Amino acid sequence: MKKNIIRYCITALGCLLMALSINAFFVQHHFLSGGISGVSIILYYLTGWPPGITSLIFNIPLFYIAWKFMSRQFFIDSVIGTVLFSLALDGTAFVQAYVNIPDKLLCCMAGGALGGLGGALVYRSEASTGGVDILGFLTKKYYNISVSTTNFLFDCCVMLAAVVFLGLTPVLYSLVLFFITFKATNLFMVGFDYKKQVIIVSTHAEEISRRIMDEVNRGVTILHGEGGYTRRPLQVILVVVKLTQLAHLETIIKEVDPMAFVTIQDANNVFGRGFTQPNLDLEEERRLRK
């Protein structure tokens, strides 16, 4: 129970930030958001109808779909997320009178960053703001069409309608805003402390491993592989390092085995000893092995 309360509090905070981004930075320049809220915002620009209430009304048929075809937990999360977002969207409308930023690009950046943070909090709490997400999960379940594809197609329809009713300029700025929001959401989801996963194929795996543990103070994993062409057994080193440690690691590899085959890729959501737990004392580990 306590865990769910904390989760829904995080959802509420995320919805509040998303609503603030719309009212503070979107509305003054007729920018759009995606999904059902995008439709309600277009109607707000054209008619003045409160977007929160409009969005909630549009979501009622989708709630029925979620109740009928999806899990009960998904239905509950969708209803709570949608209601919280709708209340926040209309409840924060007063900020429109206090925020006046003529620079449209600056509004894109600020709105995208704030909305991205809000979206990341909602996703972190494993919640949903309903809308097209419900259709997306339904098409994924029954037609094997990905959620992102469904969202993209719906957003394209919203953008086309916006071009007709609002003109091309707000839509182009909204596309920039979508990109910033997407990147900001990913950034806040994975954090600012970047990690790199490095895979090293070398005939000097033992020496490279020793120097990594001694000099970089990172644990390594030795994988046993086989050359696809030569069929010779070989050792593969797997190690995850912080971005600030990558240059030193590359230096070690080049000094020990310039012919080593190395791949480096981003590692997101790294947890475990040395990252979210205390570092392993490698000296103590070697002493215990003896």
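Every residue gets a Cβ built from N, Cα and C, even glycine.
Remember, TrEMBL labels are computer predictions, not curated facts.
Looking at 48-67, 108-127, 148-167, 168-187, the range annotated in TrEMBL as transmembrane segment turns out to be 48-67. Among the residue ranges 8-29, 74-95, the one that TrEMBL annotates as transmembrane segment is 74-95. Nonlocal intrachain contacts for the transmembrane segment (74-95), taken as residues 6+ away from its ends with a CB within less than 8 angstroms of a stretch CB, comprise 8, 11-12, 15-16, 18-20, 22-24, 37, 50-53, 55-56, 59, 62-63, 66-67, 122, 126-131, 133-134, 137. Across the range of the domain 'DUF2179' (218-272), the DSSP-based residue counts are 14 helix, 23 strand, 18 coil. In the predicted model, the domain 'DUF2179' (218-272) has a mean pLDDT of 89.
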